[in-house]
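Structure, as structure tokens:
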Amino acid sequence: MGDYDEETAFLGQTGPYFWTTFFLLNTVFVSTGFDGLYIIFAGAAPRHHCLVPDVNLTDEWRNAVIPLVTADGEEVQSQCSRYKLSVVKNLSDEGYIPGRDINLTNLEQEGCLDGWVYSKDIYQSTIVTEWNLVCDNQWKVPFASSTLFVGYLVGSLISGQLSDRFGRKKVVFVSLAAQSLSVLLQSFSQSWRMFCIMFLFVGASQISIYISAFVLGTELLSKTMRVLFTTLGAFLFYCIGYMTLPWIAYGIRDWRTLLAVLSATSVVYIPLWWFLPESPRWLITQGKAAEAEIIVREAARKNKVQAPPVVFKESEIQDMPPGRKYTMLDILKSFNLRCITLMCLLLWMAINIGYFGLSLNTSNLSGNPFMNCFLSAISEVPAYIVSTCLLRKCPRRELLSTFLIIGGGVLLLIQFIPDTLQYVALALEMSGKFGFTMAFTIVYIYTAEIYPTVLRNVGMGMCSSAARIGSITAPYVIYLGTYNKVLPYILMGSLTISSSVVNLFLPETFNKDLPETVEQILFCPSVNSRSPKKHRGRTSLFVYLSGALARSQTTIPSRAPPAMFVRSRENVGGKDVNEQEFK
């Protein structure tokens, strides 16, 4: 297959077609900001205390039946215990006055045997108030949240293969429908177990939307628009959904109604089916060059440019066997791709563990929870804007390592800040969050540019799965702090710094065309082809890695001529290769 960017260069770098596609596709990411974070409000735990049944008690004893405990330096009512009701009733009947005749600290206590009373100052209803997920059942709320991450993991594993097999566009819209249906069914949950099961489907469908739409935009847009889409576009529109969520939740205080309304918002995406095209790159890899050419010619018409008589040369199209299906096994078959993928997996996992660990360490903001959520979302906007500017001018490899060092360095330094210097600790935490947000932004576009078209969704799916494993693992890393409070920071910081070094050995993709085939990843003109023949298949990557730090622009070739893959003494990735032609 020829070089797609070169063959469609007549479309230009901007124009009505690219801008329309950019905005329409970005609106899809707003839904991921809604549906990934509503657990903040649906799973909120209002102030509560034990229910005192309607028994014959004096006003003094009814007010004193809930013990007082100290929390954050203040005396508040206990949320999980009360004085034993039978003892209190007897004392009330005998006319004793609590605090004067009876020392309350000596009274026997019991659990909330009759249930709880929940404050409705902020929330009318949440899953906590619905199913009493407090005290001994408090663990069920974070467990419910973890099922979303498990869904992310499942969706990451299957969405890439489905998208590479059936097309990016189809998977995006099927996932949108699945997400809307899952959230709607979740709003009718009759038990905590049903809520968790539906949350798993919400997570799987949501990450499928994100990955497939991200890859679709990467393949549809020009080089210039691609950087804007994968940084300021995708992430900023996600942030718009994140920032809008608290205002919707502010107007709807009942969790079932909130979820039903959020599920209904997906209806607005139905018309996009007729405005968003399938990826021409993917169509060509499936042997559907005629359909790809129709899309490209329509793009030329919208951009008001003249398309050449023949867009895709027949001889180049035939280089890609029609109907060839690629899976994760194709990544495992190649030694070079295995090494690259292993490094990408480590990167994604380290970024997720570090970001999540830093978020757990951030002090909770006091005040209105809806405003806190909005401020948390808007704090990420500067990182997206800065990353957009830097990715236009700077190599991905050096950028990612720089911000990984910033994030990891904060994790290593913050443990030494004394409690008296809270502002210094807060400044470090914000710097770390900025660094990890930048790293998240960069690693998405970097990974999408490394993998070839035929394996891009599979590669992105595998890397996203590693991120999900990181998010599930991070709470257990934090738990190590119960044995030694320094250990989690040393572990996460060291992992992040190590990943920044590993990142330096990945291919640089700055100012390079997107690779189309596996062979364009497997073979690089910069690799020394004069190594002994019997070792060439295995030593090529190590030769490349050894020179990676000394080269600023290496790796992915801008074009892989069909003549490169004619005949050879070795067979790699199902194609005979004559390495002498690299000389």
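Heads up, the Cβ atoms here are built off N, Cα and C, so glycines get one too.
If you look up TrEMBL, you'll see 87-511 marked as domain 'Major facilitator superfamily (MFS) profile'. Confidence over the domain 'Major facilitator superfamily (MFS) profile' (87-511), given as mean pLDDT on the 0 to 100 scale, stands at 82.
According to TrEMBL, the transmembrane segment annotation covers 17-41 (among others).
Residues 25, 28-29, 31-32, 35-36, 39, 127, 143-144, 147-152, 154-156, 158-160, 162-163, 168-169, 171-172, 175-176, 178-179, 182-183, 185-186, 230, 234, 238, 276, 279, 444, 448, 456-457, 460-461, 464, 468 of the same chain lie 6+ residues outside the transmembrane segment (194-216) yet bring a C-beta within less than 8 angstroms of a C-beta in it. The annotation transmembrane segment is assigned in TrEMBL to 194-216 (among others).
Residues or ranges marked as transmembrane segment by TrEMBL: 228-249 (among others).
Taken from TrEMBL, the feature transmembrane segment applies to 255-276 (among others).
What TrEMBL lists as transmembrane segment is 335-357 (among others).
The feature transmembrane segment is assigned by TrEMBL to 369-387 (among others). For the transmembrane segment (369-387), same-chain residues at least 6 beyond its ends with a Cβ under 8 Å from one of its own Cβ atoms are 33, 37, 40-41, 44, 122, 231-232, 235-236, 239, 242-243, 245-247, 249-250, 430, 433-434, 437-438, 441-442.
Among the features that TrEMBL reports, transmembrane segment is placed at 399-417 (among others). For the transmembrane segment (399-417), the residues of the chain that approach it from at least six positions outside its boundaries are 347, 350-351, 354-355, 357-358, 361, 390-391, 424-425, 428-429, 431-432, 434-436, 438-439, 442-443, 446, 485-486, 489-490, 492-497, 499-501, 503-504, judged by C-beta separation under 8 angstroms.
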(message) Given a Cβ distance threshold of under 8 angstroms, which distant residues of the chain, six or more beyond its ends, lie next to the transmembrane segment (335-357)?
(response) 400, 404, 407-408, 411, 432-433, 436-437, 439-440, 443, 447, 450, 455, 459, 462-464, 466-471, 473-475, 477-478, 488-489, 492-493, 495-496, 498-499, 502-503, 505-507, 518, 521-522, 537-538, 540-541
(request) Grab the same-chain neighbours of the transmembrane segment (17-41) for me: Cβ-Cβ under 8 Å, and only residues 6 or more beyond its ends, written as numbers and ranges. (result) 11, 123, 126, 144-145, 148, 172, 176, 179, 183, 199, 202-203, 206, 209-210, 213, 216-217, 220-222, 225, 228-229, 233-246, 248-249, 255, 258-259, 262, 265-266, 268-269, 272, 275-277, 298-300, 302-303, 369, 373, 377
